[in-house]
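According to TrEMBL, the protein carries these features:
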| type | residues | note |
| --- | --- | --- |
| DOMAIN | 6-215 | domain 'PNPLA' |
| MOTIF | 10-15 | motif 'GXGXXG' |
| MOTIF | 37-41 | motif 'GXSXG' |
| ACT_SITE | Ser39 | active site, nucleophile |
| ACT_SITE | Asp202 | active site, proton acceptor |
Amino acid sequence: MQSTVLILQGGGALGAYQAGVYQHLSEQHTEVDWVIGTSIGAINAALIAGNPPHTRVAQIKAFWDSLTPSQPDPLTAWWLSLPPLANLAHSMNTMGILMKGVHGFFKPRLGASADINAKVPLNEMGFYDTSALKFTLEKYVDFAYLNRGAMRLSICAVDIDSGQSVVFDSKKQVILAEHIMASGALPPGFPPIQIDDKAYWDGGVYSNSPLSVFLAEVRQKDALCFMVDLWDPTEIRPTSIAEGLARYKSIQYASRSKELLENYQQIANLQKAIRLLADKIPSAERQQETTQMLLALGCDHTVNVVNLIMKASKQDHYFKDIDFSRETITARWQDGIHDCKRALQHKAWLVPLPPHAGLVIHELPQE
């Protein structure tokens, strides 16, 4: 039986694209068995796994609507309508978020930047206070439903003491709002989250793509995976310092997920080849202990990975991941719907594959 998996990368406000992708998957009755996320991807993942199907999309939308002002102030709205001033308007909006925060998510911690060498409690080790996020998550995520296990949820964080990646998995433990917050506690803006005697930072500190969580178990059965990335590592060459900063950030947070995926593709194809070659080994030799050990490395399953990557827009800037303006969030959401619609129309994973294909990567063709 084939498993359907959704992998959601980190990227702050860019996560509206993932919400659009899931909305279309849901509308087309593509049932997801397992959702994996980091940072904003973990929040989206919790919203998906933590709501029953009939209210899921509505709750995701309500969460995102709660973070965005219903409309920009009149001056910003006027500037946004004039192309020469649009970039300035986006910059002003970003500055407003940096100074005021986002309602229900984070707010500035007064005096936090006065002396960054001052000793502070763990929950104050950031420029912003994220305590409001706990109440927001508990409002839009039904944790009782999530922990009943209708859909598996895995989210990534980093153990501050060991520096190692940690996976919180609903298959193995009870998931609380604090686990989701830990996955999105990106320093130095957000403070670490303490759970029991451990302290955690954003999973993106270690790797912004939670792909490895999926690959660790992928040999067990056939799978169709939708990997939704928010940072495009192949954008055009920058022509200004501002564009250079934005490009640098995209490369940094893309987390080499394509390279990791292609490396695993080679391994998966070799595993499939081992299984095919096993049938050509004489029965007597196949029973030898060494041969048995080698054949155990083989795998007969096939994984199809549909990689959706949010493309950059002309208005993108270094702080695009904190641009929670209503018009930008709406545009990214619609882009997610559009790209997912194209992916489901092509259904490239239904094309017959050669027998040695263990993992196949599908990317959207250029429009």
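Note: Cβ is positioned from N, Cα and C throughout, glycine not excepted.
Note: the motif 'GXGXXG' (10-15) comprises 4 helix, 0 strand, 2 coil (DSSP; helix = H, G, I, strand = E, B). Long-range contacts of the motif 'GXGXXG' (10-15) within the same chain, counting only residues at least 6 positions beyond its ends with a Cβ under 8 Å from a Cβ of the stretch, are 37-44, 184, 186, 202-204, 208-209, 230-231, 253, 310, 320-324, 328-329, 332. Other Cβ atoms within 10 Å of the Cβ of Asp202 (active site, proton acceptor) number 26 in total over all chains. Non-local neighbourhood of the residue listed as 'active site, nucleophile': Gln9, Gly10, Gly11, Gly12, Ser183, Gly184, Leu186, Asp202, Gly203, Gly204, Asn208, each in the same chain, at least six residues away, with C-beta under 8 Å from its C-beta. Counting residues of the motif 'GXSXG' (37-41) by DSSP class, helix then strand then coil, yields 2 helix, 2 strand, 1 coil.
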